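Copied over from TrEMBL:
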type	residues	note
TRANSMEM	A:45-67	transmembrane segment
TRANSMEM	A:88-121	transmembrane segment
TRANSMEM	A:133-155	transmembrane segment
TRANSMEM	A:181-199	transmembrane segment
TRANSMEM	A:219-252	transmembrane segment
TRANSMEM	A:264-286	transmembrane segment
TRANSMEM	A:292-310	transmembrane segment
């Protein structure tokens, strides 16, 4: 997996993405766009492309960080309760402030997501039986417990529809003026890259980290903050994109190993590429309608996830 | 010099280490021996700041261990624990390069890479430095971790059962390397070791622990005697002198 090929594919698909849609814009029109076409580009197509790239890269990286810090290949925001806790947070925000602004929702959801991830990491510390498959199962159960709480309170407050809206990732609603929050992910990705070496060391265990003079807890906490914030920001702008943080980092580390300095940029690029590909697929399949990204990534991602599971079984045997 | 004063530690109300005081002399190889559950690893963890003591103090070159900056300490003292089966896909060279982290914070200079190369050469791992740890045997893994500690280039090197899971050939190889670190590079090596014959053949100083206390310490000649070992292990162990080494015969 060469960086160069990933980059070329990204540029090509980005191009396709910009010129794909109900409103027909031909690449050759690029330098003489009509007023209307320009509007479509600026208001819809470009914001959509940007949020696809950012969401894909940032979510994949948060998965990578979680896997490194928990020392488990099957832990990700989807399988550690982060996403579920974030949704509960959004619900709480909706209940507390009847017409919560995006920022208010973000802050409350972030606090919940962080707390949820924290509790999961604490559970992880306590669990004696650290089987690779058992841990994410615990995470899924934990997430479902939170999820049922969310559903319960959503029912009582007549908010079920609002809540399910966050459940399914969808880029078709991305319009200029309603997606800019996703830019928060960009500095987070940069911070993640700056901390790549420290995450790698922290992933080798607390004693290993202390030996090298690293404050283990502090590094883990920084990692969890990045993960929670990215998950919340993407959920609020795009919605839930399941399996992304699980599949992409796993595919990368099979080839590039666990040195984050090396695997993190690759993960970001492959993540962006994967989401871009799934999005284009979703836009072509039932053209002029769309299959939401949560569904395409979910289907392809869970297929790949199964493959990883089976591959692992074969590897262990 | 590392100095421990009246160290105590208990887990769930059960004392594991009680009032241990000891000194680790510079430029010597010191071995901690003793039966299972004697508290050897716990003491090693406390004098290397992996574990906080309940009471007592640890002085590294006269300065209390908590007073050291963690990054400075990481250039002074290194510790390798027995549980190194870390399921991480790093190459040997990547792992060894992490030993330079306390110096470079991940941005390795030419000087750092020189240390990495030297450490790999010291452990004779040049031909496998590009391999991933999970492709190597337990012994090769152990050697890679020791190479990392060598690259860390600390005055004090602490190792918790470095011979665990190693066959005879690799055990001897590692003990010889540790001895060379002391003799050639002037390092101070402290290890927890179960095989008393390795302790006898390679150490300068032996500390015996039993039930959380230091029961005896001294030179090899003082410690490897039937009488001393009886006190430590509650076994009658005959001592044979073979090629100038004191060998314990405890198999029957």
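Cβ atoms here come from the backbone N, Cα and C positions, even for glycine.
Annotations in TrEMBL come from automatic prediction, not curation.
Not measured: the values here are computed from a predicted model.
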Does the structure show the transmembrane segment (A:45-67) and the transmembrane segment (A:219-252) touching, where I'm treating 3 or more Cβ pairs under 8 angstroms (sequence separation 6 or more) as a contact? yes
For the transmembrane segment (A:292-310), which partner among A:88-121, A:133-155, A:181-199, A:219-252, A:264-286 gives the most CB pairs under 8 Å? A:219-252
Residues of the parent chain within Cβ reach of the transmembrane segment (A:133-155), under 8 Å, 6 or more residues beyond its termini: 70, 72, 74-76, 78-81, 83-85, 87-88, 91, 95, 116, 119-120, 123-124, 127, 162-163, 309
By Cβ distance under 8 Å, which residues at least 6 away from the ends of the transmembrane segment (A:88-121) in the same chain are close to it? 66, 69-70, 77, 80-82, 138-139, 142-143, 146-147, 149-150, 153-154, 157, 159, 162-163, 166, 181, 220, 224-225, 227-229, 231-233, 235-236
